[in-house]
Amino acid sequence: MNRIALGLHYDGAAFSGWQSQPHRNTVQDHLENAIERFAGVRLLTTVAGRTDTGVHALGQVIHLDTALEREPFSWVRGVNAFLPPSIALQWALPVDQGFHARFLAFERMYYYALYTGPHRVPLVHGRAGYQMLPPGQRLDVDAMREAAACLLGEHDFSAFRAAECQAKSPVKTMYDVTIRDDGNWVFLRFRASAFLHHMVRNLMGCLVAVGRGRYPAHWLAQVLAGRERKLAAPTFMPDGLYLVGVKYPDPYQIPAADPSASLFHGVFDDAA
């Protein structure tokens, strides 16, 4: 039996999240149907991170087991022929049976693209979050950065956890929160050992609230320490959220994600 790792991009705007559900339009169902048409047999996939409805991926990783003998690019070309335009494999890589897309991952990275201003921009609808601000007003990005500093390190992130979260522990390690602004755009990068359900979107709600001046920067540390979801801001919209990267031990040589063909082109190129 051969184990294959696959890299996947998708525009999540039209899908009910990653995970297969009866009578729902999910990324997993479309992918497994396409794989079946290519391989001639139903093959189950294991994913690095189950994204929610409306969330996108530039660096999703899956694995599957198969008896088929195919060249790596044959998987990419063949499966893509049966996928809708909003989903595409980027690479395929043979791996040993020790590889596991979910359990072997030691770091995950999400980006968020946020547009601010007095009116929405239809051309990025579904692909960027939006915060209405009066003409001439901007988010206080410096305050947002100050607030985000408390998130670094190992913490109990229960305050940012969805009620339906199935993670065994709320304790995660946040390695980095980088915030960049460019006119009406604000881009955020979150790197952590793993994320709880809705964790990034709940953090976004809090950071935007700080940026709007509704709370001081030190408020976020109080929310974190309180460990109660009711203390935090409402969950922010999924539209601008992208799973950009998943890291694995070096021997597996899993390709890094390439965000160049997205809203994030060049935004974090000089960030560590």
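Cβ coordinates are placed from backbone N, Cα and C, and glycine is handled just like the others.
Worth saying up front: this structure is predicted, and the values here are computed from it rather than measured.
Per Swiss-Prot, active site, nucleophile is recorded for D52. Secondary structure at D52 (active site, nucleophile), as computed by DSSP, is coil. Within 10 Å of the C-beta atom of D52 (active site, nucleophile) sit 19 other C-beta atoms, taking all shown protein chains into account.
Annotation source Swiss-Prot lists substrate binding site at Y110. The DSSP secondary structure for Y110 (substrate binding site) is strand.
The 10 Å shell around the Cβ of Y110 (substrate binding site) contains 27 further Cβ atoms across the protein chains shown.
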